[in-house]
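Undergrad: Just passing along the structure, written as structure tokens.
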């Protein structure tokens, strides 16, 4: 296919390309300079401003928003001292209470509501499980650094509520029908 092209045309093309590579001057025959005025006006009017993008920007990039601060805004959290009672033993105890609630919920109904030991174990497990759960909520959602007084107030409120519920469950177990029998009566009502 290339046999019909004259070798002189190929030679001129190669020479022109090599001159163009080493030249910094734009020739007058460059297509971007010799554009017809009607075409550029048409392109400028037909395309919206968001679609007309220049291939090269000579100006620097300008941000719309001011730059973010160049310093660390938050301090790193202090690493607590390792303690098994607040670490692995604490979580193991919490999981054992949570898993133990499943058979403790069924056992008083199976053995009968007159068995005070299973009823008392159920009340104690529910009370401890609830206390640990609310304690985790207070720890997670009320940081000491931001709201120290609110956290202290909620801690004491939780302790008071736990004691109050414990006394109420004890009274209900000893002076009334008990938790299991109370649930049975409500279920049948």
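Glycine residues also receive a Cβ, built from the backbone N, Cα and C atoms like all the rest.
What TrEMBL shows for this protein is this:
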type: BINDING; residues: 129; note: heme b binding site
type: BINDING; residues: 141; note: ubiquinone binding site
Undergrad: Tell me which residues of the chain lie with their Cβ under 8 angstroms from that of the residue listed as 'heme b binding site', as long as they are six or more apart in sequence?
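TA: Expected: 94, 97, 98, 101.
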Undergrad: Applying a 10 Å Cβ distance cut-off over all chains shown, what neighbour count does residue 141 (ubiquinone binding site) have?
TA: 10
